Amino acid sequence: MAPPAAVSPPSRSAELATSTKLPVMSKNINTKTVEEMLGQWDDFKFAPIRESQVSRAMTRRYFQDLDNYAESDIVIIGAGSCGLSAAYILGKKRPDLKIAIIEASVSPGGGAWLGGQLFSAMIMRKPADAFLREVGVPYEDEGNYVVVKHAALFTSTIMSKVLQMPNIKLFNATCVEDLITRPSEEGVRIAGVVTNWTLVSMHHDDQSCMDPNTINAPLIISTTGHDGPMGAFCVKRLVSMQRIEKLGGMRGLDMNLAEDAIVKGTREIVPGLIVGGMELSEVDGANRMGPTFGAMALSGLKAAEEALKIFDTRKKQNDL
């Protein structure tokens with residue numbers, strides 16, 4: 001006699017979703033404007049809610065995003081000024097592409113929330129002022145350079161534009177632990193990223209059973225910054241993978257040499273991996289640029305341009 005077939009119990013999802021009576025929406029809750037609320041605080045009241053509604057609203061959307069972006073078109077590692085600039089151009093030029101941004105910090109923006117030595121103003125040398133006009137950030141013209149009154153104005157502006165694009169998803173508090181690879185004629189091709197919660201990655205030495213997750217993508221743009229706890233991650237991994245012999249090491253500060261070198265050098269380092277921003281200085285041995293941000297923005301633009309040139313080729317390879 002054959003063993004009994006396994007039978008799944010009836011689904012209770014619908015029952016659980018409807019078993020608890022939810023608060024009734026007030027009829028006039030949607031009629032309020034800011035002007036109507038001002039001066040009426042004695043009668044003020046939020047719309048009713050149940051705590052489970054909040055949990056489900058967050059959880060459902062996040063897991064839907066994880067599912068949607070498990071197969072992405074382009075992954076950008078690092079949401080600093082370079083990564084966000086690249087995302088802006090890609091999202092604008094190719095709204096058909098699914099673009100995932102992975103940021104290790106809770107707060108995107110990298111070092112672009114302040115200028116040098118924790119001062120407020122952001123300096124960009126011309127012609128990077130063209131990008132400020134593109135995204136609508138006001139500035140003071142000082143001849144060869146421009147000044148944004150607070151660096152946070154640039155970062156918050158470009159971030160808000162990028163996050164409103166329907167084809168872009170930011171996964172912050174998430175870090176890239178490794179790269180997905182495939183054999184190719186060039187030796188190896190990068191075909192995605194291995195991700196984990198940042199706090200989990202920071203505790204691999206004292207915890208166990210914390211395997212990562214993955215995102216497949218035919219093209220990765222790495223803009224993780226110069227060497228540091230999370231910086232220059234991809235190029236350091238390429239060394240350990242023996243895809244590049246060694247890091248060039250960032251040189252001393254020279255704004256005039258550094259910014260030109262970073263923008264011009266932004267490129268695909270190995271098949272499927274474009275490197276931009278200060279991470280590139282660790283490969284090429286470029287100079288440090290200090291508190292001037294024009295090259296970060298324009299390196300992002302060039303990274304996006306390079307990505308669009310090679311995307312179709314890498315996607316065909318990825319589909320094989």
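Quick reminder: no glycine exception, Cβ is built from N, Cα and C everywhere.
Under the heading substrate binding site, Swiss-Prot lists CYS82, GLU103, ALA104, GLY111, VAL176, ASP211, HIS226, MET278, ARG288, MET289, GLY290. Positions annotated as 2,3-didehydroalanine (Cys) by Swiss-Prot: CYS209.
Here the features listed in Swiss-Prot are placed on the structure.
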residue	record	contacts (Cβ under 8 Å, 6+ apart)
CYS82	substrate binding site	GLY110, THR223, GLY276, GLY277, MET278, MET296, ALA297, SER299, GLY300, ALA303
VAL176	substrate binding site	ILE77, ILE102, ALA104, VAL193, VAL194, THR195, PHE233, CYS234
CYS209	2,3-didehydroalanine (Cys)	none
HIS226	substrate binding site	ALA232, MET250, MET278, GLU279, SER281, GLU282, ARG288
GLY290	substrate binding site	GLY116, LEU253, MET255, ALA258
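ARG288 (substrate binding site) falls within a strand segment according to DSSP.
The number of other CB atoms found within 10 A of the CB of ARG288 (substrate binding site), across every protein chain shown, is 15.
Binding of substrate is attributed in the record to CYS82, GLU103, ALA104, GLY111, VAL176, ASP211, HIS226, MET278, ARG288, MET289, GLY290, and the widest Cα separation among these residues amounts to 37 Å.
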